[in-house]
Number of protein chains: 2
Amino acid sequence: MRPAPDGIVPLAPPPPLPEGGLRVVALGGVGEVGRNMTVFEHDGRLLVVDCGVLFPEDDAPGVDLILPDFRAIESRLDDIEALVLTHGHEDHIGAVPFLLKLRPDLPVVGSRFTLALVAAKCREHRQSPVLVEVVEGQRSQHGPFECEFFAVNHSIPDALAVAIRTSAGVVLHTGDIKLDQLPLDGRLTDLAGFSKLGDEGVDLFLVDSTNAEVPGFVTPEREIGPVLDGVIGKARQRVIVACFASHVHRVQQILDVAAAHGRKVSFVGRSMVRNMGIATELGLLSVPDGLLVDIDEAMTLPDHGVVFVSTGSQGEPLSALSRMARGEHRQIRIRPDDLVVLASSLIPGNETAVFGVVNGLARLGARVVHQGNAKVHVSGHASAGELLFLYNAVRPSNVMPVHGEWRHLRANAELARFTGVPANRVVLAEDGVVVDLVDGIARITGRVEVGHVYVDGLSVGDVGESTLSDRLILGEGGFIAITVVVESHSGRAVAPPTISGRGFSDDPKALDDVVPLVEMELSRTEAEGITDTHRIAQAVRRVVGRWVAETYRRRPMIVPTVLPVGAP
Amino acid sequence: MRPAPDGIVPLAPPPPLPEGGLRVVALGGVGEVGRNMTVFEHDGRLLVVDCGVLFPEDDAPGVDLILPDFRAIESRLDDIEALVLTHGHEDHIGAVPFLLKLRPDLPVVGSRFTLALVAAKCREHRQSPVLVEVVEGQRSQHGPFECEFFAVNHSIPDALAVAIRTSAGVVLHTGDIKLDQLPLDGRLTDLAGFSKLGDEGVDLFLVDSTNAEVPGFVTPEREIGPVLDGVIGKARQRVIVACFASHVHRVQQILDVAAAHGRKVSFVGRSMVRNMGIATELGLLSVPDGLLVDIDEAMTLPDHGVVFVSTGSQGEPLSALSRMARGEHRQIRIRPDDLVVLASSLIPGNETAVFGVVNGLARLGARVVHQGNAKVHVSGHASAGELLFLYNAVRPSNVMPVHGEWRHLRANAELARFTGVPANRVVLAEDGVVVDLVDGIARITGRVEVGHVYVDGLSVGDVGESTLSDRLILGEGGFIAITVVVESHSGRAVAPPTISGRGFSDDPKALDDVVPLVEMELSRTEAEGITDTHRIAQAVRRVVGRWVAETYRRRPMIVPTVLPVGAP
């Protein structure tokens, strides 16, 4: 558990929520990109929107996932009326099984595709959640919360925005959103619906901030198709296209281009196979008869007769694409003139991994097309121009930018102000900050602790700051372990100390000077009559730490172990 | 030392260089961005161009610098006629002191500003190198190598390209280059000179590949000035501009804008103060009288009366800017409406660090302008459009793309072919690949080993793959240390084992099950009559490793220490 950094809002429990008020607290996703989860409270009851995971960066080494911090609701699980999911991306649904472990009967509300992905995820966790399917235009009542759902477009089908009506007023939460005016499935973001809601009066507007810093408008998804057609049409050999396993419309365009050029398609990667199966079943992906082949059959086809659609677009080291780049894939060996297309975003933090894959492929002779050299990706999040459309449609009384790092939140706040929202009605919050909507005015009233909850292997929460801080030290400098056996009554060393270093040096003689150094220190402690093993260990740590700093100017972890033998 | 990866060219010593031939081997900088160093051999003598460092990424944790691998020339140091430096960036001069340690009297050839930076660097290493100053247009003879120097523009003043004439033919090495047609100092890249050299015939052209993937042309540096004027002119409070400490023209524009708005300027950061001192002395930076103030004086000025020009643009954690972002700077506390401008590139691999700083500043209320939201940076490297100009001017017989990762080299090779260089005359090499120019044709003839040489603290080369691999394991999973004292004659444990874990878990009970587990294993080894401490350690490692994998699904390093006591 990572403690929250010193806040712009000091940690302080909020005052009791006035009757008729609405409280909003993000347990993740505000001040960061990922693990989105927002809790709404009204009349003693709770409604949760989204429950996603965050993928760790360098500051959390060895960690698999970061979860929202459930502590703020742990004692009130029975007060939760429902979990509403805006769409099926991992940063919105990835932590659902962890919440359901605490409250298995919690109703999970979402669109058809979202719930299908949740169901598949829960099956892996051997859970059978209570699923409540909704569609855009529908209203549903959950305790004192009336939800109304709006179609929005994003980089996954079937995404929803949700309006929440209570006696405190109307809240609109965009989820992840963009305003593609020519969406592939014809399902427009319901700007007219937002506008009607705006006529009614939106008291608090929670808005996706991801691309608030980016000027202009996101290019329509359908413009990717012709670009793919251009690059794949010219390809002489095999084609491998990597993209997100949930990006059904991107995959649809790849399938269409493959079919147009007489190539079969093979899905590579477990989540790609699974999700495209679900999408086909739900009628969201249209696959011409006979187009799909499995990888074994694909390997028997001529090079110009196949397109592999693969996961691994973020450079994940174990993915098929990374294996190909290292020349380690069991079936697919990259050859000169193979074409690899990364039809995907470059998520900040993944640059080194992704370009490592690109370079590996280029080194083996492949031509690699990526968003840096061709228009093979468009974002799923509204740019500044689109956000202005949203503000002008909704005309909110209060705004709370969500889904973004501080730079994104601040840029989004500025857009809100440009459209006429008074500066003091734009609430810049972050995870844990308590925002109360009372009498039509949203105000920060306190802050609860929201830390990072780490999943490492099978266990949740036992890896925390102390462990991570040790990992960072060990990862930078390794350790030097010194083991000493002393007579417990005299503190006298009964044998020469054992020294071993790992992650410190390749030179087997690097630590040769440590034995005499420690022996000298042990003579000193013995002469001073020190028998306490803890004090002896401290002395050893100090003398070795000083030596290594002076000799190498390095800071490995110094790990002394002092074992007492004999009668005390 | 990192072994070279399996190459496209197998490791094999090249045949003897035919008389009259020229050999080219990169000891760094080809297949990677950084530590540029190329060795030319002719008639038994060597000429070295550049000697830079590479800043490590995630795969070399704890490492400060990566040097070119000198092994290929270590036995031939006396054959080196000179070290020619194209310009003063760290990735071209950073390893000079390490080469001079091996050969203190090596003549170091370069332009005035380049040599001033080298001299300053060597002073820190207590070296007094032999410096040979040259200017564009000049020729200099170094053994069998006649060098001719050409002005080029780049993101540092006084950069040079070098032509090397031998009886094998004419080689042109661009160094780092772009074709700004309106350079601030009026010093154009000498395209006419290149063209004249092309008339003479260029047999081998080594070309900067950094931006070969980027279509079009780099915006002129002077367009940054008006942008800075716009953002700084509107600022109400303090302004902090971060940029590279060697980017004299960028700093000049900041000074001019500050002066225009009645603000004083204070340099922050050791290298900024030092380099701008040198630039001023050499007449490369023009500082209006009374404009500069030191930081203490700056702190006494009104907020709208000062611009800080700071290092730290790459998110370096110890830099002034990072400290400000964390609220830890001794003097400068970020306040709402402070303006911070990152007038700098975002070097791949630094994204997380840089955006961490941006978010920290935004969180404290600063407005942060960076190349993602304003045109406050232009690259120092030619884009594809400019590279075409170069190829068309030089009309080389053979091309060897340098300075780039594989994706860049391959893109650059394609540009060469577009301009008419036959595909089989474009040599795609990487570090260690031996390219021989014989009878006007450049061919790969072998490959020597070129690894990564790591500097960690005071020592060079003792940190290698084994140490780094241990650091990566320790950084991901920490370690579990088990110390056991056994009777040497019986293998019987004389006390309960001591268990300690670091970087494994925050839960103090996480390893409680290990003691009985190890005790059981020790009973078994004792029963089997095993007394060899190494075998006992192996048994302990195995049983604890299996336990942790099953219980936690984690892979910490398991570190058993078995100490024998008593007479053997």
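Heads up, residue numbers simply count up from 1 along the chain you see.
Any Cβ shown, glycine's included, is placed from N, Cα and C.
Listed in TrEMBL for this protein:
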- A:34-228: domain 'Metallo-beta-lactamase' (DOMAIN)
- A:G62, A:D64, A:D456: Ca(2+) binding site (BINDING)
- A:H87, A:H89, A:D91, A:H92, A:H154, A:D176, A:H403: Zn(2+) binding site (BINDING)
- A:D208: active site, proton donor (ACT_SITE)
- A:A245, A:S246, A:H247, A:H377, A:V378, A:S379, A:G380, A:H381: substrate binding site (BINDING)
- A:H381: active site, proton acceptor (ACT_SITE)
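Annotated features taken from TrEMBL, shown on the structure.
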| residue | record | Cβ within 10 Å |
| --- | --- | --- |
| A:D64 | Ca(2+) binding site | 17 |
| A:D91 | Zn(2+) binding site | 23 |
| A:D176 | Zn(2+) binding site | 24 |
| A:D208 | active site, proton donor | 29 |
| A:A245 | substrate binding site | 22 |
| A:S246 | substrate binding site | 22 |
| A:V378 | substrate binding site | 20 |
| A:G380 | substrate binding site | 25 |
| A:H381 | substrate binding site | 25 |
| A:D456 | Ca(2+) binding site | 25 |
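A:G62 (Ca(2+) binding site) has A:H89 as its nearest neighbour among the binding-site residues A:H89, A:H154, A:S246, A:H403, going by CA to CA distance.
Proximity to chain B, defined as a C-beta distance under 8 Å, is registered for the following binding-site residues out of A:G62, A:D64, A:A245, A:D456: A:G62, A:D456. Confidence across the domain 'Metallo-beta-lactamase' (A:34-228), taken as the mean pLDDT and rounded to a whole number, stands at 97. The maximum pairwise C-alpha distance among A:A245, A:S246, A:H247, A:H377, A:V378, A:S379, A:G380, A:H381, the residues recorded as binding substrate, is 17 Å.
In the three-state DSSP assignment, the secondary structure recorded for A:D91 (Zn(2+) binding site) is helix.
Across the binding-site residues listed here (A:H87, A:H89, A:H92), the residue whose Cβ sits among the most other Cβ atoms within 10 Å is A:H92. Each of the binding-site residues A:H377, A:H403 was scored by the other Cβ atoms within 10 Å of its Cβ; the lowest score goes to A:H377.
For A:H247 (substrate binding site), the same-chain residues 6+ apart in sequence whose C-beta sits under 8 angstroms from its C-beta are A:S155, A:I156, A:S344. Comparing Cα positions, A:V378 (substrate binding site) lies closest to A:H154 out of the binding-site residues A:D64, A:D91, A:H154, A:H403. Here the CA atom of A:H87 (Zn(2+) binding site) lies 26 Å from the CA atom of A:D456 (Ca(2+) binding site).
Sequence-distant neighbours of A:S379 (substrate binding site) (same chain, six or more apart, CB under 8 Å from its CB) are A:S155, A:K178, A:T210, A:N211, A:V214, A:V218, A:S345, listed in sequence order. Looking only at the binding-site residues A:D64, A:S246, A:H377, A:G380, the one with its C-alpha closest to A:H89 (Zn(2+) binding site) is A:S246. If you take the Cα of A:H92 (Zn(2+) binding site) and the Cα of A:D208 (active site, proton donor), they are about 13 angstrom apart, rounded to a whole number. DSSP classifies A:D208 (active site, proton donor) as strand under the three-state reduction. Counting other Cβ atoms within 10 Å of each Cβ, the lowest count among the binding-site residues A:G62, A:H154 belongs to A:G62. It is 27 Å from the Cα atom of A:H377 (substrate binding site) to that of A:D64 (Ca(2+) binding site). Here is what falls inside 10 Å of the CA of A:H381 (substrate binding site) among the recorded positions A:D64, A:H87, A:D91, A:D208: A:D208. A:H403 (Zn(2+) binding site) sits 13 Å from A:G380 (substrate binding site), counting Cα to Cα. Within 10 Å of A:H154 (Zn(2+) binding site), counting C-alpha to C-alpha distances, fall the following of the recorded positions A:D64, A:D208, A:G380: A:G380.
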